Each structure stands twice: as C-alpha cells, then as structure tokens.
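Colleague: Questions regarding the structure given below will be posed in turn.
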Amino acid sequence: MNGTPRPRPGGFPSTPQPGQQPRSPAAQTPNSARRPNVNTPLPNVPQRAVQATEQPGPWIPAHIIDPAQQRFYVASIYVALWAWKLYDFYGLAIEEDESLVSCLKWCGLDMVFFMLGVPLLDIPWLQWSTSTSFLLFVVHSALDVMLMFRIGIPVQAWFISLAGFLFDSELAISERSVKPGPILHNASLILGKQIINILPEGSAVLNPDKLSFCLNSTVTSLDLPILINQTEPTEIEFVRIDFDTSKNETITVKKGELKTLLSRARKAAKRTDPDDPLLLRYAVNKPGVYLLKRVIDKSKLEVRPRTVNAVVTKCPQARVKPTGERRCRNDLSNVELEVEGVPPLYVKYRLTVDHKPRGGSEFQNLQPDEFASPLSRHTSQALVKSGKEDVSWARSQKVTVPLNETLATGSAWEYAVEEVRDGLGNFVNLLENEEEDRQKPKVTGTYQGFEVHERPKVYFEGCNPQNPIRVAKGEKRPLPLKYASTGKGRVEAQHNVEYLFTPEADIVADGYHSANALVKQSKIKPASGKIFGQEAGLYTLKSVSTEFCEGEVLEPTSCLVQNPPEPELLLTSEDIVDKCAGNPIGLRVALDFIGTPPFLVKYTEQRKGQRAVPRHIEVGSLRGSFDLTPQSAGHYTYKFMTVSDAIYRDRPLDNVELQQDVRPPASAHFIESKHPKQACIDDYAEFDVRLIGDGPFELEYEVVHNGKRSKQTIQVEEQHYTIKTPKLKNGGEYTVALTSIVDGMKCKDTIKDEEVKVQVRHERPKAYFGLIDGKQSVMALEGRSVDLPLRLSGIGPWTLEYENLDASQKQKVHVSGANAPLAITQQGTYQLLSVRDSVCPGFIEDKASTFQVRWIARPQISIPEIPSIIFQGGKYIKDAVCEGDEDSFEIALSGNAPFEVSYTQHYKGKGKTAAPRDKDIRALSGLTTVRADTSSAGTYEYTFNKLADSRYDHSKRHFQPLTVQQTVNPLPSARFDTPGKTYSYCSRESDGEEVIPMTLEGQAPFYLEVEIKQAGIPKPELSTHRDIRTNKFDLKIEHRKLHLGVSSITIRKVRDARGCTFRPAPNGPRVQVSVHDAPTATALEERADFCVGERLSFALSGQNPFTVYYTFNGETRKASNAATTFRRLAELPGSFTVTGLRDSASDCLAPLDITKHIHSIPSVRLSGGQISSVDIHEGGNTDLHFQFEGTPPFEFTYTRSTNAARGKKSRVLEIKTEVSHEKEMFVPVQEEGTYEVVSIKDRWCGFAKPNVEGVEGRGGQKLLQY
C-alpha cells in the first residue's frame, strides 16, 4: 500500500497520468500487497521525487488496519454519532423540551471528531486541512443548536418522521413498549358501508313539497304541483275524492294540455338538460282530495306515481258573532267566535279596552264534540292511501267559541280575530297592517266592539218610615233622593225611577204598602229632576234604570211623608182677684193648641191711654198657661194676633182678645243690699225685710239651692222682720226669695223679684300631706330632724292633731301657714287625725293622711354569689388560680357612693408565711373589683374590716367583717430531653420519621405550643398539641409547618389541667429539625378523563432518577423514570392512580393520590360492519342500520357520496350528523349514494376517519366534554 498515491495537502489524490511507466516489481517494498481490485501495478515514481515528497503514514499503520477499513470505521462512528444525536433530539421533541446540556455535549463531541479525531488519525482521503475541519465543525455545531433547541426548520419534521418510523414505540401503562399508531388509527372502530342504487325509471310526484291548499271567495282556483323526473308524460289521470259525498271523480289530462304544461314548466325552470326534473302546475277549482292515479309517458309505459296526495279544502275563516253594541258594568262580555274550517282548528284573537291592548288569547285543537280527526295523529300526506278511504274528516266544520269576561273596567271594549289556521296548515291572517300609513279597512265580521255603561244606584237619604218628612198641606217638597253608580260618580243620563205610593190613610198596620198601592214612574235627570212628595203617604223605590242599564236600589228604599194639622189656639182665662178685697189683680190664661210643637203666640198688651206693646210667648207642648199681672193699676187690653208651629208659620187668629182692670196687692222687700253674703257650711244667714200694707202680715219666702226649694211661712206683726235661714249644709250659692204676703185683710199677694243670695264656702278646712320628690315618703339620715310637707285649706291658723303609728304617739300642733312643714325626729309612719281652722272644724283627706319617714340605710359589704366563689366555713372560698395570672374578685357595696373600704391581706406559702398587709379601697359605685395577689404560689386571705360611705362614717357597732380565701397554684414546666440535637424530617409525612422526646411537669393533661423558626423567614410557625396525658411526650411536628432546610424548635407555651400556663424565656433550650424536600408529581393536564391512545403526563420535581408507584385497574406497579416528566400511553381502559413518588435525594416517599380515568374509544357498525348494496325505486326508501359500542349518548357523522364508477373518484354529496341515546339506530333514506360513517363520539371519546372530504378535524380520538 506504500504505492498508494499521496494526496496533496487539503485535496484528493491525483488521477494517474497515461504517460507514466509501470513500476518494476522489483521496486515494490516487501510490505506492499496487491489490492484485490488492482490488476496492473502502477509505474514507479522516480527515486528523487519519492524522497522529496515522502510523508509520515497514518497514525494507525496500514499493516495493522487497512486505510480503507479505517475510513469505513470512521464513517461508522460518524453514522453512530448521528444516530445517537437523533435519538436525543427525538426525546426532546416528544417531551416538547429543550436542553442546553445536550447542545454543549454534541458541540464538544463534534469538535473532538472533526478538529482532533479525524486529523490525528491522518487517514488517506480524510486528511483535511484546518479550515476544512473548522468549517465542518461549525456546520455540525449549527445543526446541534437547531436540533437540541428544537428550532423550527423543515429538516426537523423530516428527522422526526424518520425517527418516528425507526423508533415508533413507547412505554404504556402496563410498562411494556407499544406502538401508538395501531391504537390511534384503529380502522376497525368504524366498519360498514351501504350503497343505495336508484333504479333508472321515470317518476311523477303530486305535491312533492307536501303543501296544503285551500279555496275561498277570492282564491277560486289554484295550481297543483306535479314533479316529473326522467319522463315525458302524454297522459295524466287524477282522482278527486269529494268531501261531502266521498265519491271519486276521475280527471284526465290529455296530451295536448300536457304539452302546454310541459312548455310552461321548461320556461319556468330555464333548463336545457332533458334529464332534469320538471315541475308541472295543473289548475283545479274544486275542493277535495286529489290523488295521482296514473301517468303514461311517450313510450306508452306507465310511470309509477308516488303515494302522495294533495288536499284542497275551503280556506279557514273566523268571525265574531254580533251581539249588540251596549253592555252594562259587571255584565259578561257574552261574545262568541265562530270558526270554520277543517278541524282541528286554531284561532287567535285580541282584546282592546279603551283603545289599549289588554291582551288576547288563542285556542287550539278546536273541533266539534265527538269528532275524530286523523290530523290529530298524522300528517296530511298520510291520510289518504287510495280512493276508497272516508274523507269526511276534511269537510269544513263550524265551531263556536264562547268568550265570557266580566266587564269590571273600561268603557270601550273590542274583540278582533287576528288569525285562523285549519288542521291542514292553511293559514289566514285577518289582522290589519298597522305599520302602513294607510290602514286597511277591517274585514267585516272579524271584530266586535261595544260600549260598557255604568249601572245607576238610588236611595233615600235622611228619610225612612222611622224618620218621616212632614210637609204642610198644599205644599210640595222634593224627596231626598240620592244618586250613585257602579263607577266613581253618578250617571248624568236620564233615570227611569219606578216607585210605589200608598196614601197615608191606606197604609196597613205593619207599616207596609196596601194592596192598592200605586206604581208610579218618573223620568228625571240627577242634575235637575226631582220627585216631589205632595201627598202624605209611603213612597218606596222599586227600580231604577237608564237608557242602557238596569240599576240597583239601595237602603233605605222607603220614605214616609206626613201632612200635620194646621195650628189652632183655644184661650181660656180667669181673673186673679184679691179674695179678701175682691179687686182684680190680673188674669190667668190657659192655652190649648192643635198642631206640631213648639208653638209661638204673638199678642199685644195695651194700657188704656197708652200705646200697644207687642209681646209673644213660646210653648213647647200642646197645653200651656201664663199670668198677665201688670205692676200698675189700670185698664189693660190683650189682642192675640198669630200662632205658629213647627210646620206652619204665622197663622192669623180672629177676634181673640182679653181685657182686665188691675189693682196692685200688698208687698214686701229686702232692706239690705242685694249683694251676696258670705257664709260657711252648716252656718246660718239673716236678712232684714220691710213689709207694706195693713198688718198683721203672713209672709212666705223660700230658700233655693241647687234647684231645690225650701218654703217657709212666718207671721209678722211689725213692718220690719229678720229672716234666719236654716243651717246651710252645702257649699255654693243659696237664694232667699220672698214669694207672697197676706195682709190684715187676709188678702194674699204674690211677691216678685225680691230675692237675695248667700255664697256658702264649698268645703270645710282640709289637711293632708304633700309630696317630696313625688312621693309621700322620705329617706333621711338616722337621728336628724325631718320636715314633712303639710297642705291645709281654710282660713288659718289651724290646729292639727297627728300620730306616729309605729310608736303610737299622738300630738297637737298649731300651724299658721297653709303649706307650713311638720318637723319630726323619729322614723315611722305619721298619720293626720284632725284639723280645725280659725272658723270651722275640718277633715283629713284619707288618701294623703299618712307620710312615711325612713332612715337611710348604713353601708354594707357583701361578696356576690357567683360559681367561682362559694361560702364555706364562715368565709368565702374563691376558685384557685395560677401563679402570675391576673385575677380579681368583686365586692358588692350598698349605701351611698363613694365608699371607703379597708382590708387586710394574709399569705401562707409552702414553708413560708408573710406579714399581714393593710390596704384601702375607694369605690365610686356599688360594685368594685379587688385585685388578687398571685405573685407566689400559696394561700391568700383578704379580711374586710372597715366600711364607710358618703353619708355614714365607719361604725363598729353596725359592721360585720368578712373574709375571702384563694389558693394560687404553681406553674407547669416543659423541656426537651436532648436540647441542641438535630432531627431529620421529610417535607411530606411518611412512616418511620423521628420524634422529639420531651418532659412535662405539672398536672396532666397538658396543652403544649412549640415555635418553629426557619432561617430567613421572620414570622415563626406555631405547632399546637392538646390532651397530653403523660409527663413524657414524643413531639411530632406537622409537615405543613416545616420548610426545607434547618428549622429551630423552641417551647412557646405549656398549660396543665389546672389551666396554668408557663411561657419559657425566648432564648431557652431548643432543638433543630432538618427537613429534606420530598419529591412531588403534578398532572400536566387538569382533566380527569382520558381516552385510550392518549398520553398521561406528569411533571416530577426532585432529584432524578425517580421511582413512581401507581395502580392500574387495582394492580400495583412501580416504574423508574430518569427524566423529570413521567409519561405513559393509555393502551387500555381503566382507572390509573399515582400513589407515591420517591427520588434519589433522600428516602422520603411522597404519598400521592392522582387519579385519571381512561375510557375506551367508541365504535360503530353500519350494516353489521359489512359492505351492502340496496336497489330501490325512485320514491322508495330503505333504512340505515347503525350499531354502537361505548357510553351513550352517541353522536355520529355519516356521508352520502356518489356511487363510485370505474375510473372516477367518489364525490361527497351530503354530510349529516345524528345523535342516538341507544346502542342501535335506524335512519330511513331514499336518496341514491354510498353511505358510510366518518366519525363517532360517545359521552367521553370520539374517533374520526382521517382525510375525509368535507369533514373537519383529523383522524384519531378525542375526549369529549358534555
């Protein structure tokens, strides 16, 4: 091989030249060997040239490894490095990650390979220059960066595809390698195909769009559509079934007429292809059921028509039956809708009240009673199969719908029909177009409007048989008729009032009308019309109405009218004469009346020679009298002019006149002034009287008080007399009047206007106690004088007698003032016994006769009874407290604040006793607090020995000392058994962790708080431990309170069963806890439901490699994972739960509970999973049979494509999506094509065929969310 040409530096070896001579065999070195592919030796190079160009050989001698083999090995290493590099890149692509470490690793390996390795070996044909090596290194480093950082270039996709092809397998949940392709693209999930072929024959369809038709007065004819396909008919035969007779009528359309129909159809369709369907329109003008019986094409063959019919009926109509234009309030609307058409009918109407929409309603399924219509169960196109069925159901029927609503509001009501529809779907809109500027006139009969009138009401106001109206004879008076209505006010229109009248003489005994009562009517207006009661009798309202409405008569319905008699006067008189002298002194006139009281009589009094003086007298009853007694002597004439009563006024009196001659009698009068005199109760009064006439006299007087008269008669000899009254027992005004006098001739005269008055005090002197602060009681300091308020009435001074009921002591005092105080010095209940003023004795008011005087209580001290303090052994025992705790107790003080209390504190500890300490308290209220001493454990006693308040000083005689005793318990303690030791923990709780032993002193159970302080965290954590029942305790810290690193644990607080709490000093003994971070796993996707074929991915944190513990379908598994992402392919359905994770940093096993549910992919079978072919005629149909596997509901998409012809690709015509809640479904179809399912979804997952035309998405499965 030494003869191998040496390449030039940086180049390839030169091609041998033709002019060179072959080398001599002798010139070959002993080490040279013939290559198998070299037949002739190369010519020798001149010796000088060989010496001049000779260089060192390969680093590995050629006799050891041939240079060609060395090149092969270098190429193999290069390919192996690229395979390794692509493997790393594939892992990063799968994990969607990037790696700087891998990039640096491959850059380093490429540098070693290209810059050091290959140049050092110095292999022929691989002897690169430095610039070439560096260029190769730069290119490969750029490729390393692109691959390890997943920079998007087309090469990446090529490498991934290549790597996926070479390494298309990954770990599944069962910890075995599986290929995801067969799972993701399982073609067996969707199987089956059905091909439907339409036989090539012509067809004719009547009413292909299944429309409904109707005729009415405006639409007298219509066109029936006939769809023909691939045929040119020459004759069409219809059958019309009459609704009324059910007889068949055959209608034949001949060739000539068909040509016209075909020509019109082609023009309307604007198509030139003769194979395109045509729509013929045949005009009909009679209602009935039309069937396409026979169609003959131009080849004289009969085209099979489809069984579809056209029903032509009378168009539905509705109207509002007229019922009048007037209604009354609270009547029923009494409106009827008359609907006519093919049942079941639908009608909609609206109601307007006072030109405002009030709403409306609609009625559905209207049909006559006992009428059965197949429209209630089927569509109209399945109602007639042939010409023999009964079609009477399609006759127009009339249905009346009553509308009754109470007319409670509004005045203008209007009902209007809006729309009507029959059972076949024929629809008529009767509503006017309100949006247009010019409204269409309403269709006659489709609306009904009427006006609602108020009903009148009448009654008598202020008149009934018990309270009649009295009317003078010959006069008329309007009856008090009151008008009202059902609305807010009365109806102003004319009222027709009908009433009964019975004359007063004919009224029956029970006050009702007689049988011959008259019925009268009056037409009156409330504003001006009236009913007058001129005749006496009973008037009873019978009815009332207006022009439109009947009204209501309210109570009272009757009014009694009476004609009282006219007033008349009858006078009788007698002389009032002096019986002794026989001289007239006046007239006594008696009056007898006829009429209605009260009466007024007017007369004149005239003394002879003087003018007449008008006078009058009022009499309240039918009889009366009065005296005419002038004071002066003379001749008097009295003329009575008129008389009036309650009904009649100033009725004249004819020739009613009285005359008399008068001579005055003897008289007497008081001498003293007539000013009232003052007197006391039970006293006497005296008056002087002068008498005129011839004595002796007999004087009569009377004493009047409170309407009572007391007459007295005395004999008087002299012309002067003093009248002494009886004892005046009542207060008030007394009148003493002289009434008559008899002179010596025994002539008696009446004395007028001679009287005097006496004012008697209304009450006797009275005494009672007043109030102090609103009470008749008072509290005072013991031993001091108290002034009780007295209240006296009368004229002072008073003499008062009282008694102390508590001490049974009576006393009398003289009081000068009406409100003078009564001074006492003893407590008790004081009662007033008697009182007398300067004139009369008085009385004591019972309700205020006593007054209570009590001493203000001296201060007292007590301990409130509460559960924490009990009285035992003559002292109060207070609940024990802890040493150093703040404690106190309350003392209750009664008396007058502020209080001054003194007490002595005694202490007795364990083995020691302190000297007593005296303390003072000044309390401002009745409840004060004494601070207890708890500085040392032991027994404390507090003895209260002095008490004073703002009113009383301390008094040993009135005070009883009391004692309060309390025990102070010592504080508990806690300590670590090994302070300063460091304990190890995991960041998550696991079995076998260390505990921290502690010792507790005190009375169990204990409550412990420890403080956990982490370096760098200012706020410490607290760990609480309760119900520690032993003095030895193993402390275990909650993991949620520990942080990574070293934490310091100190005792913060300990409390024993006595409730005593001990808090150690902040810098006390402590222990250390070293916390190691436990690995964690987090699901990369939050959803809990996955499908078979999807990947379960979890992010792992900690020190790799990891050990993952999980269960699948109840089987426990363990997997090692070197990366920070744990990923498994879901190859089977089931429940997957990650239960634990362990990393390589520590022995901490982190418990986990991450559960994912894996659901199977649904499948569907069309035609049992086979490819089937079905041939049907035009208009025929068949069913697609789908069978599902999975969890309902199922949503699947299937396509209808053109039936594939040879050499042509099938084209998708239609895509449909259906939903099935069962595992089997039939879908009827009648169109030609190839049907196949392209996607299937159930409740959880879905699958779709890839690359299906017109179907969005890609193949594979996907978790669905319902």
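Think of each number as a place in line: the chain as shown, counted from 1.
Note: Cβ is positioned from N, Cα and C throughout, glycine not excepted.
Residues or ranges marked as compositional bias 'Pro residues' in TrEMBL: 1-10. Sequence annotations record features per position, and here TrEMBL assigns compositional bias 'Polar residues' to 17-42. The annotation domain 'Nucleoporin POM152 N-terminal transmembrane' is assigned in TrEMBL to 66-151. Marked as domain 'Nucleoporin POM152 first Ig-like' by TrEMBL: 203-312. Here TrEMBL flags 455-559, 764-850, 1162-1245 as domain 'Nucleoporin POM152 Ig-like'. TrEMBL lists 563-663, 671-754, 877-970 with the feature domain 'Nucleoporin POM152 immunoglobulin-like'. Summarising the annotation, TrEMBL assigns domain 'Nucleoporin POM152 ninth Ig-like' to 1079-1156. Summarising the annotation, TrEMBL assigns region 'Disordered' to 1-50.
Describe each of these features in terms of where it is and what it packs against.
Modeller: DSSP assignment over the domain 'Nucleoporin POM152 Ig-like' (455-559) gives 3 helix, 48 strand, 54 coil.
Mean per-residue pLDDT, taken over the domain 'Nucleoporin POM152 immunoglobulin-like' (563-663), amounts to 86.
Helix first, then strand, then coil: DSSP counts for the domain 'Nucleoporin POM152 ninth Ig-like' (1079-1156) stand at 0 helix, 50 strand, 28 coil.
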Colleague: Against the domain 'Nucleoporin POM152 first Ig-like' (203-312), which of these stretches has the most C-beta pairs under 8 Å: 66-151, 455-559, 1079-1156, 1162-1245?
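Modeller: Answer, by Cβ pair count: 1162-1245.
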Colleague: The domain 'Nucleoporin POM152 N-terminal transmembrane' (66-151) and the domain 'Nucleoporin POM152 immunoglobulin-like' (563-663): do they have three or more Cβ pairs under 8 Å, with pairs 6 or more apart in sequence?
Modeller: no
Colleague: Taking helix as H, G and I and strand as E and B in DSSP, count the residues of the domain 'Nucleoporin POM152 N-terminal transmembrane' (66-151) in helix, strand and coil.
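Modeller: In the domain 'Nucleoporin POM152 N-terminal transmembrane' (66-151), the DSSP-based counts are 70 helix, 0 strand, 16 coil.
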Colleague: Please list, for the domain 'Nucleoporin POM152 Ig-like' (1162-1245), how many residues fall into helix, strand and coil according to DSSP.
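Modeller: Result for the domain 'Nucleoporin POM152 Ig-like' (1162-1245), in helix, strand, coil order: 3 helix, 51 strand, 30 coil.
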